[in-house]
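Copied over from Swiss-Prot:
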BINDING   Arg21, Glu84, Arg123, Lys459  (6S)-5-formyl-5,6,7,8-tetrahydrofolate binding site
DOMAIN    219-378  domain 'TrmE-type G'
BINDING   229-234, 248-254, 273-276  GTP binding site
BINDING   Ser233, Thr254  Mg(2+) binding site
Amino acid sequence: MCDTIAAIATPSGTGGIGIIRISGPKSKERLTELFHSVSPKFTDFKPWMLHRGYLVAPTNEFLDDILAVYMPAPYTFTGEDVVELHCHGGHFLLLTILETVLCKNIRLAKPGEFSQRAFLNGRMDLTQAEAVAELIAASSRNEVLLASNRLKGLLGQKIIDIRRRIEELRVWICLAVDFPEEESGIFPLEKFINGLLEIHEIIQKLIHAAERSRCWKEGVTVALAGAVNAGKSSLLNALLGKERAIVTEHPGTTRDFLEECIIVNSLSIRLIDTAGLRVTSDPIEEQGIQKGREKIDEADVILFIIDGTVGVTEESKLLINNFGVERTILVWNKVDLKVPPSNWTELYTSSQVSGICVSAKTGSGIEELLVLLYNFVLSQHNAQEPTFDTIVPNMRQVEVFSLVLEEIRSLYEDIRSGIPYDLCAVMLENISSMLNSIIGFDTPEEVLNRIFASFCIGK
């Protein structure tokens, strides 16, 4: 890491300000060559202060009126000397300035290379580095919260605590191996097993937290299903608050599925409007119905729309029970035209099922439907809204934790069956090494390269 790197750190496009980040031992030296201060009293860059001046090309050509800041190592993001050039945010202007910087024997940074240097220089562990990328990619408040908690180091601290517990168990094993005849070498088997089970429980809770939080990170898919003319497309428009789907009185208007996303209390919901379910001789409509059924089968939640003016039909009852009531919400539409009986959900299925009455035309009940849908998803995933101390590992980390649990279970069975203590010590070292790979202590280089390559350039 002896070379100096640079990249545009702000999103591509046009904006008021664009930032070029430079990191490495030659950062300040190259800044001095390119920057001309507007202040006649300027002599040198004061660290951590913005300096206004002109950026000039090697040909002495004026490029931009900028603010520059020099940040000396080691208390920077990368742990190296860092310079930031705050320029006007024109896309081609930034490219021109970057080309000028790169002419000064500075290399273009690879994707994620600034974060990789921060990790390699000990400014953050691997869980924090991954959190940076997830924070940038977050599309809801709860995703931001989950990523920022890892960026604070909460998961890394939890892993360090688990490793400390494992080291205590390993010390007991080593004493029993090295001093079998002495009092200090008496192996506390039950205490060891209890400690092992406590570690297992801690990791199991982390995995369960990830499973429960899947809806925040991945969102959910909700299919709008029902008979023709039940008002599925009208309901889609009402939920979106805009006219997205074509609505007519003619049956079979929707011949293909439509997809749109909404955010409800930081939960990303992908709504899919499907073709009305019926027997048809139209091959195009039949193809749309088949596609719709596939989307319904794949959906996390089904909003089964009932035409209130038609009421209960045997076909609807059959469809609802085939779809599975555990992922279905019954929606009695057109309540402005006909109010259902108080026990209307029981007319469709003997099982407990959620139901609500709405009018897609007037908007009655739409807000209540969104609340019901939100709570339904949370109940379905056994999820809770994250707080400022919620620790949720990502997919890679969960995979490693799952392997750790398998190793702990094997150790539990083996020590119960009486295997030699020195083999138990080896298994504990293996568990500790797995945990190290999560925070980056023993992570293979190819894994690190793959992780940081997924970052954007400039981060």
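Cβ coordinates come from backbone N, Cα and C, glycine included.
Each residue in the domain 'TrmE-type G' (219-378) has a pLDDT score, and their mean in this model is 81. Neighbour density at the Cβ, taken as the number of other Cβ atoms within 10 Å, is lowest among the binding-site residues Arg21, Arg123, Lys232, Lys459 for Arg123. Summarising the environment of Asn229 (GTP binding site), the number of other Cβ atoms within 10 Å of its Cβ, over all protein chains shown, is 22. For the binding-site residues Arg21, Glu84, Arg123, Ser233, Lys459, a Cα-Cα cutoff of 10 angstroms around Ala275 (GTP binding site) retains Ser233. Those residues noted as binding (6S)-5-formyl-5,6,7,8-tetrahydrofolate (Arg21, Glu84, Arg123, Lys459) have their most widely separated CA atoms at a distance of 18 Å.
Comparing CA positions across the binding-site residues Arg21, Glu84, Arg123, Lys459, the one lying closest to Ser233 (Mg(2+) binding site) turns out to be Lys459. Taking the C-alpha positions, the distance from Arg21 ((6S)-5-formyl-5,6,7,8-tetrahydrofolate binding site) to Lys232 (GTP binding site) comes to 50 Å. Using CA atoms as reference points, the binding-site residues Glu84, Arg123, Lys459 were checked against Asn229 (GTP binding site), and the closest is Lys459. Counting every protein chain shown, the Cβ of Glu84 ((6S)-5-formyl-5,6,7,8-tetrahydrofolate binding site) has 22 other Cβ atoms within 10 Å. For the recorded site, Asn229 (GTP binding site), the DSSP three-state label reads coil. In the three-state DSSP assignment, the secondary structure recorded for Arg123 ((6S)-5-formyl-5,6,7,8-tetrahydrofolate binding site) is coil. In three-state terms derived from DSSP, Arg21 ((6S)-5-formyl-5,6,7,8-tetrahydrofolate binding site) belongs to an extended strand segment. Spacing of Arg123 ((6S)-5-formyl-5,6,7,8-tetrahydrofolate binding site) relative to Lys232 (GTP binding site) is 52 Å (Cα to Cα, whole number).
Calculated from their C-alpha atoms, the gap between Lys459 ((6S)-5-formyl-5,6,7,8-tetrahydrofolate binding site) and Lys232 (GTP binding site) amounts to 44 Å. Counting only the Cα atoms, the space from Lys232 (GTP binding site) to Glu84 ((6S)-5-formyl-5,6,7,8-tetrahydrofolate binding site) is about 52 angstrom.
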